[in-house]
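What TrEMBL annotates here:
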type	residues	note
TRANSMEM	B:7-28	transmembrane segment
TRANSMEM	B:40-58	transmembrane segment
TRANSMEM	B:70-91	transmembrane segment
BINDING	B:T111, B:T112, B:G219, B:T315, B:N431	K(+) binding site
TRANSMEM	B:133-153	transmembrane segment
TRANSMEM	B:186-206	transmembrane segment
TRANSMEM	B:226-251	transmembrane segment
TRANSMEM	B:272-290	transmembrane segment
TRANSMEM	B:327-353	transmembrane segment
TRANSMEM	B:389-413	transmembrane segment
TRANSMEM	B:455-476	transmembrane segment
Number of protein chains: 2
Amino acid sequence: MIDIHPVVHAISKLCVAMGVLMLAPAAIDWANGDPNWRAFAMAGGATIVLGLLVAVATPGDGRPLVVEQAFLLTTGLWVVLPLLGAMPFMLGAPAAGWTDAMFESMSGMTTTGTTAFPRLDHLPLGTHLWRGILQWSGGLGIVVVAMVFLPVMRVGGMQFFRSEGFDTMGKVMPRAGQIAAEMTQLYLGITLACAATYTALGMGGFDAVMHALTTCSTGGFGRYDASFAAFPGSIELAASFFTILASIPFVRMLQLVHGDPAPLWRDSQIRAYLGIIAAACLVILVYEALWRSVLPSADLAREVIFHVVTITSGTGFASTDVTQWGYLPFVLLFFIGLIGGCTGSTVCSIKVFRYQVLFEALRGQLTQMQSPHRVRPLRLQGRRLDPEVVNSVMAFFTMFVLSFGALIVALALTGLHPRTALTAAWTAIANIGPIWGPEVTANGSVADFPPSAKWLMIAGMYLGRLELITVFVVLMPRFWRQ
Amino acid sequence: MIDIHPVVHAISKLCVAMGVLMLAPAAIDWANGDPNWRAFAMAGGATIVLGLLVAVATPGDGRPLVVEQAFLLTTGLWVVLPLLGAMPFMLGAPAAGWTDAMFESMSGMTTTGTTAFPRLDHLPLGTHLWRGILQWSGGLGIVVVAMVFLPVMRVGGMQFFRSEGFDTMGKVMPRAGQIAAEMTQLYLGITLACAATYTALGMGGFDAVMHALTTCSTGGFGRYDASFAAFPGSIELAASFFTILASIPFVRMLQLVHGDPAPLWRDSQIRAYLGIIAAACLVILVYEALWRSVLPSADLAREVIFHVVTITSGTGFASTDVTQWGYLPFVLLFFIGLIGGCTGSTVCSIKVFRYQVLFEALRGQLTQMQSPHRVRPLRLQGRRLDPEVVNSVMAFFTMFVLSFGALIVALALTGLHPRTALTAAWTAIANIGPIWGPEVTANGSVADFPPSAKWLMIAGMYLGRLELITVFVVLMPRFWRQ
Ligand SMILES: [K+]
Ligand SMILES: [K+]
């Protein structure tokens, strides 16, 4: 039987941290004279007290977690924190029901960015700040999980990174705390730089902070119903830049900060990722010019770059209606959303690294079908690719595709239009953000979806954010029998 | 270097056979006094002469083919025969261009069933018979390839069947000829029974033969623009029955004919396949009753069964507009089309067996993530599942999904509406038949598609029919260097 005490202890300490974070929106609403501050004060107080009580009741023994406990901690965190994070949306503006509040909170913590609220423009600043904080802390959480836990849990081929990347930083587990601290500093630095840039380019101070929080987490919550169409075009380029930063492996940026730019420069995953972005932009611009006689302009190029980056990285901001570009750009954006950014960043989806493993594995399969008796080891980034990593990545890909299909069918069962079901499943399982379909409100929210569809999307976002396998392992009866 | 002489020799002999088959439509048009007979006589004569010349020029040495030659033979046959089979459509009615003629011929030989002709009702009988013969011989060809070649070529996990199924019939390769002969008899028997049943239920004699040819090959070419809506409802049930027969493993039926019904009865793939059909019918009927207040009637049940069977098996007949049933049935039919029927039959798509392997493999992965040091062998149908089979199936699934996605994007590049691109790629790569979208003509044809889209679909049908990997192996430069 797994000893769940240390897991509960760790989660409760993070609850206290979350409660403390709720005091920030409380403060800003209080300073503005908005009575909405009470919702955050109440929720924050309750969360802190609850967390402290449970933390005291489950004293930790200081021993490092075993793998089973890492699974429980990861899956438990993304249930408990979204539940508590939903409270302010019910107690204060927009006084949401529990389905919508939970949807918004899960969409935040999983950095999905789809909103459940049909009108954003007039919500209190505190509510918006809380939405930003949810995404920012969710993004930080996932980077730490991806770097510290997933490789040890051997989820979806992440064991490839068990030693790699940390070579310059020593062994992982004993130094998990230090890695988390360094990550936090880096992440904070990028976010501050992003907010400063936004301000310099004309965004208001609050908007700059709020959108920096949702940009650097590739989260995509916006403050306005118009999303990024509310801002001057140059901000799109800044957003594109910081989104790309947030979707490459954080360890590479840490190495750069530590004075070693070579790993960043040589990383084939980063090169492939930038190549995909460049190719997609080029195809769309050529398509517009040749098929639709829209001559390339700086404005169009900027908008294309912005939307390609925001979809590939799974951020999900929008500044224009991309379906107006014709059929192909829409189809292309749909598929690059299923590629995603790099591993070890805040992005979700399948990720470039896994496609690299898949292509290398398929090449190996075809080669071996011709020369069955000559086994050639597979390689990636100059290293040997363990068969276990390949199997793990293939299993991940298969689970992703099958879960995606099942989610589309399940969403169609709730009565959604096929286009809505398809894009809602896509946005949920790959944590992207936008949805297209007749049931989507003008600001892109799921407010008019049936509750069953919202809960299915909540489950999909949760599954997708935790790389599916993490959840499936814990759901197996076997896991609890050991 | 591969010795291609025996391959060319085998293909040329099959060309002669195809030329002889062209004399059947010639005869029926001649008997009807339709000048269209000349097209078939010319094409048939040319094909026979060409085949004979090449056969004589490349004498076989009687040795069995090696694996590389089996790859070349399979990939070569489905290029050469469709090319020759396209001739009558250009020389005679409907005097198609070479793109449409090649599309129709490839759609026939791959048992896809999408037509390139915008009007079918008034084409000569010979043209329709030829469309039926193309599908019937394509279906027979694929059954023989699936039973004799694919297991030896180790394509897509088919090596699982290398010994199985043939246990009661001795070793495969030395007896390939006899197996092919027995298959042909069985296939012919089913087709005659189907034609007799259609006639008894009120179909005209020619229509019965033509539709039996396209039913038992799960091909789906129809003679009328209205497809099966042209016939009384009882014929739908007969078509469903014979389609199911044609989409279960032929070896099981052979064993039954040889007096051993147990393997058919115990085959978990057949059980799962029938279970999928039953579940899909039930879900659609319940959905209609609860969400759309359409009370279940015998008529509705019959239509639902017919369409579920015709899509799962990849046959593709239609008797009503299924999009009128609401959103869910359409989405469900789309996904069961990606399941398909059983291996070793005329059906295409991913097939039930591969999903069984995938689920067993994923279960094994999840189990092993918890107990890394306890390796438990995977099992299917009471037999041990070799890791090589699992890898091969996973590679197939991955290639199928990636090729499907690439085909959708490529079709969108030609300017097709996203819905058309999606369903056209689906129908091509899984060889199903129907397409939905604004560019589709009233009778479901691709006549109005841009030529580039038609050629992409031709490539997709070819890839899908030959289980992708077969083609990719031959396309690798390595294959030719050996
Ligand atoms: K997002
Ligand atoms: K078909």
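Yeah, the Cβs are placed from backbone N, Cα and C, and that goes for glycine too.
Recorded features from TrEMBL, shown on the structure.
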{"residue": "B:T111", "record": "K(+) binding site", "DSSP class": "coil"}
{"residue": "B:G219", "record": "K(+) binding site", "DSSP class": "coil"}
{"residue": "B:T315", "record": "K(+) binding site", "DSSP class": "coil"}
{"residue": "B:N431", "record": "K(+) binding site", "DSSP class": "coil"}
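Same-chain residues with CB within 8 A of the center of the B:T111, B:T112, B:G219, B:T315, B:N431 CB atoms, the K(+) site residues themselves not counted, are B:S107, B:T110, B:G113, B:Q135, B:G138, B:G139, B:T214, B:S217, B:T218, B:G220, B:G314, B:G316, B:T346, B:C348, B:I432, B:G433. In this chain, the transmembrane segment (B:226-251) lies close to the transmembrane segment (B:327-353): three or more C-beta pairs between them fall below 8 angstroms, excluding pairs fewer than 6 positions apart.
Counting same-chain residues at least six beyond the ends of the transmembrane segment (B:133-153), those with a Cβ under 8 angstroms from any Cβ of the stretch are 18, 21, 24-25, 67, 70-71, 73-74, 77-78, 85, 105, 108-111, 113, 159-162, 165, 172-173, 176, 179-180, 183-184, 187, 191, 213-214, 216-221, 246, 250-251, 343-346, 348, 465, 467, 470, 473. B:T315 (K(+) binding site) is surrounded by 34 other CB atoms, counting those within 10 A of its CB over all protein chains shown. Within 10 Å of the C-beta of B:N431 (K(+) binding site) we count 32 further C-beta atoms, all protein chains included. Taking a C-beta cut-off of under 8 angstroms and a sequence separation of 6 or more, B:T112 (K(+) binding site) has the following same-chain neighbours: B:M106, B:G219, B:G220, B:G316, B:C348, B:T427, B:A428, B:N431, B:I432, B:G433, B:M461, B:R465. For B:T111 (K(+) binding site), other Cβ atoms within 10 Å of its Cβ number 33. The transmembrane segment (B:70-91) is in contact with the transmembrane segment (B:7-28), judged by 3+ CB-CB distances under 8 Å for residue pairs 6 or more apart in sequence.
Within the chain, the transmembrane segment (B:389-413) has long-range Cβ neighbours (under 8 A, six or more residues past its boundaries) at 154-160, 350, 354, 357-358, 360-361, 378, 420-422, 424-426, 428-429, 453, 456-457, 460, 463, 467-469, 472.
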